[in-house]
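Per TrEMBL, transmembrane segment is recorded for 68-88, 94-114, 126-145, 151-168, 175-200, 206-227, 313-332, 344-367.
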Amino acid sequence: MHLRKLTSWCDKWDVLVAFIAVFHIYMAPYTKVEESFNTQAMHDFLYHRHHLEKYDHFDFPGVVPRTFLGALVIALVSAPVVFFLQFLHLPKLYALYTVRLVLGATVLGSLSALRTQVRKQFGNEVSAAFAIITAVQFHLLFYLSRPLPNVFALALVNLAFASWLSGRPLNTLRYLVFTAVVFRCDVILLLAPVGLTLLWLGSVTLWGAFRCCAITAILSIAVTFTLDSVMWQQWIWPEFQVLWFNSVLNRSSEWGVSPPLWYFTSALPRAMLAAMPLSLAGLFLEKRVVQYVLPVLSFIMVYSKLPHKELRFILFAVPMLNVSAASAVARIHNNRWKPMWTLAYGTCFILLVLSAGASVIMSAASYSNYPGGHALQLLHNKDLSSSPKTVHIDVLPAMTGVSRFLERGSPWSYSKKEGLLKGDMIDGNFTYLLNAQSKVAGYHSLAAIPGYAGLRLQKSILSPIRLVMAPQVYIHGQHNCDIVDPLRWPSCQTNPP
């Protein structure tokens, strides 16, 4: 189909992008440890409301404090639906779907706003190509509904670039400053090259930019300081503490160190797939994108100096790099019948197809990365009795899917106390254990929940790559396997006392 005919389908392409994002939510509703703060905060806003003493962050505050603002906004928007779910007495898992759908819709809306400005500045064909490229990528659509500080920042940075494309540079600065002050202090590293570019191009004056940033920073600090001081029960500006922890104390390296060029050699190729080489081509084929892409590349280069690196730290750089890739796709498509361009057109098509295939494989692997959530859901579905029961959740299941949204009311109760010894398991008189140990003295292994363990090549044309699964989370129970219904626990094994 001619790309020009696709321009009238741009909104339909947005629907496709949204469908893929929603499918990710449906297939992998659970959240991991790095998402736990905002996940638990949204749960507590919805279910505990003004009863701060019941909030999860007092028991599990995390390494550094985070702002409650993003969680509060998503919870407020989700509240009517969640109240209706409570009225129907549905499990809280449906509330988790709700808050993730609301967050996903927020980020998708910001992507749509960015694409709208791309269409106005670069044309309908670049806009359509932008939607196609986004649809065949995995990480951006998988993460955009996950309650990470980086995802809240992603929505705001998208709006910042949409403002820049629409000719509103001061709004660009306001979005970036607010994001840096409230959600991700590292956005300062993006604000600096963007601000310098705006000054170089004469889009803003030095005094106008300073005044805009200063006023926005003061108001943003006031918002986060007021809300978070109430929520944390102490005077606090969370992102300042994050900045101090990561940059001044340089303690983020305690979570691992990556090579200086890791973002360019590993993170971006995985996140962007075909768009990685195409974005570089776009810098040469469409000069108008250079002013927008160079600040993003500068941000990534400066950020690469920090030893601890994760893909999610630079996730909000991907959409603008996709704009550059989309401009290359549109230019190649428009010249596909000319000599020297035919090969480029075929290569471009193959790269996009390979991206779609790689995204399918990464999706399947990621769906298997939440054995803790699957284990707790399995336990709830297997034990439907009305007798009181207590579940102790160890570190691994808590890190791989378990959250308060999965908990149920009476007769269930839960423990996440850390550092328990083997004797403490028996003394605690827990009905069930969820942990990473295949055997626990005094308990019987009821089920082993597999998780993603790698990829393996196999001799098959239809499916040359196979997912490798291995038991990662185990369910243990006090009940003897001899009296357990084998249809309920087919893998039940009697352990020695």
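Just so you know, glycine gets a Cβ as well, placed from its N, Cα and C.
Because the structure is a prediction, the values reported are computed rather than measured.
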With pairs restricted to those 6 or more apart in sequence, evaluate whether the transmembrane segment (126-145) and the transmembrane segment (344-367) have 3+ C-beta pairs under 8 Å.
yes
Remote residues contacting the transmembrane segment (94-114) - C-beta distance under 8 A, at least 6 residues beyond either end:
14, 17-18, 21-22, 25-26, 29-31, 39, 42-43, 46, 74-75, 77-78, 81-82, 85, 134, 144-147, 151, 154-156, 158-159, 161-162, 165, 319, 323, 403, 405-406
For the transmembrane segment (151-168) and the transmembrane segment (313-332), does the number of C-beta pairs under 8 Å, pairs 6 or more apart in sequence, reach 3 or more?
yes
